[in-house]
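Just below is one structure, and these are the notes that go with it.
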């Protein structure tokens with residue numbers, strides 16, 4: 001470094017030249033080409049929905065359920081696709097297919113009676129197109145099997161011990177010597193009515209069986225029909241468990257189940273229904289329905305709550321709603337519960353108060369609105385509000401009591417037994433001072449009183465001034481008379497002069513008794529001992545001691561005289 005620094009004309013800190021020398025293109029060698037060519041990608045697609053080409057299939061462009069699509073509709077056909085059409089009528093939106101036994105619906109039991117005023121989606125059939133060679137399952141078709149699998153026939157089931165085959169129940173039950181026969185109508189498939197011991201035999205194994213069809217808030221849906229037939233494929237009885245909104249009107253659910261499936265309900269406990277397929281049911285000849293691929297959007301129905309309901313002005317309705325806020329609910333509905341007694345509870349509550357409220361905390365708004373719509377038709381009543389998850393109802397101006405009189409009943413102490421209870425209170429003079437004591441009672445209690453007096457189980461005292469001895473004597477006399485009437489029955493005494501009992505009949509009031517027991521008692525009246533449990537009679541405590549009835553005293557006196 002010292003030697004280099006001593007050289008003249010050499011500056012180690014000099015900068016680079018401003019204009020570097022140009023490379024000689026003639027002497028430079030060309031750069032080698034890359035071994036893999038660079039791929040050329042297409043330009044990125046624009047994500048602007050306005051420039052996208054619309055899809056050809058209109059079913060794929062159905063608007064979202066939460067969209068504001070509303071199309072007013074009127075009663076009649078609103079869409080057609082050849083022989084298939086969408087109809088709006090009394091049963092809501094239904095779908096008519098060629099060859100179908102009835103018009104298909106999404107829900108058969110939970111469709112409101114009111115006609116829809118608009119639909120929330122375009123009218124398309126929720127079934128597979130008829131041009132498909134097979135039912136749509138969402139998967140590619142499987143290859144054709146080399147095995148020749150025969151069709152399932154209920155009249156010729158596989159043997160019980162066959163390997164790889166589940167248990168299959170045979171048709172029936174049949175009496176000895178009878179066999180299944182093909183049937184086309186519902187009566188032919190059901191066969192003869194089941195007897196009591198046959199119903200008990202069919203239902204008892206299913207009481208603790210967990211293989212069942214669950215029926216929820218949508219009621220009896222279209223796809224449940226095929227599901228019930230799949231249960232009938234191996235068992236004679238299908239167990240259906242109902243919960244939620246449909247249990248308010250179980251009679252309606254049972255009626256639709258029998259109409260659409262063709263079966264017979266043989267037993268019903270609360271929300272559990274046991275559906276019998278029929279003695280001559282054959283899975284091979286069952287009715288086959290197309291599968292509904294999606295749930296159609298619920299149409300728009302008229303509003304249940306109106307500002308001025310039937311028979312009320314807006315001011316009166318607001319006053320009722322204000323009073324209803326401080327009203328206690330008669331019950332609280334649990335989620336997915338069984339509401340079979342709700343209609344009766346509301347009717348009984350209307351006997352005491354014109355307003356009734358039901359607490360629905362925890363239920364979905366659509367659920368308690370459906371419950372309110374059912375109560376409006378079944379009770380009947382007028383709906384006032386659904387505020388605070390509670391149903392407020394008014395019994396209406398045309399309401400009539402179940403027990404006759406709707407007003408408060410005044411019961412006078414003086415009344416005649418033969419004439420019953422006088423509901424009208426009469427004053428003794430013009431000053432308004434009553435001559436008899438009055439008691440206010442409900443119509444239900446009055447009905448019970450009338451029934452007790454007519455059956456001689458109650459006594460209305462005629463005399464006001466009764467001493468203790470006279471009152472005790474009347475009570476003892478009435479007690480003996482009422483017990484004799486309650487514990488006595490009609491009897492026929494047969495007698496003959498020669499002392500023999502060979503008489504075959506005895507005339508009585510235009511009729512005769514036969515010695516044959518089968519003529520007197522039918523098979524339904526004869527009850528087996530197996531129907532009763534031993535424990536049911538263990539705790540019976542007779543309130544009347546033996547030998548205390550007037551009939552027993554007469555029998556004892558006759559026994560003494562005969563000796």
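From the backbone N, Cα and C atoms, a Cβ is placed for every residue, glycine too.
Annotated features, as they stand in TrEMBL:
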COMPBIAS  1-30  compositional bias 'Low complexity'
REGION    1-76  region 'Disordered'
COMPBIAS  31-46  compositional bias 'Pro residues'
COMPBIAS  63-73  compositional bias 'Basic residues'
REGION    149-178  region 'Disordered'
DOMAIN    192-288  domain 'CRM'
DOMAIN    310-406  domain 'CRM'
COMPBIAS  422-440  compositional bias 'Polar residues'
REGION    422-442  region 'Disordered'
COMPBIAS  496-513  compositional bias 'Low complexity'
REGION    496-548  region 'Disordered'
COMPBIAS  525-537  compositional bias 'Acidic residues'
Original post:
Across the domain 'CRM' (310-406), what does the pLDDT come to on average, as a whole number?
Top reply: 92
Original post:
What counts of helix, strand and coil residues does DSSP assign across the domain 'CRM' (192-288)?
Top reply: 41 helix, 21 strand, 35 coil
Original post:
Using DSSP, how many residues of the region 'Disordered' (149-178) fall into helix, strand and coil, respectively?
Top reply: 0 helix, 0 strand, 30 coil
Original post:
Counting by DSSP, what is the helix, strand and coil composition of the domain 'CRM' (310-406)?
Top reply: 38 helix, 15 strand, 44 coil
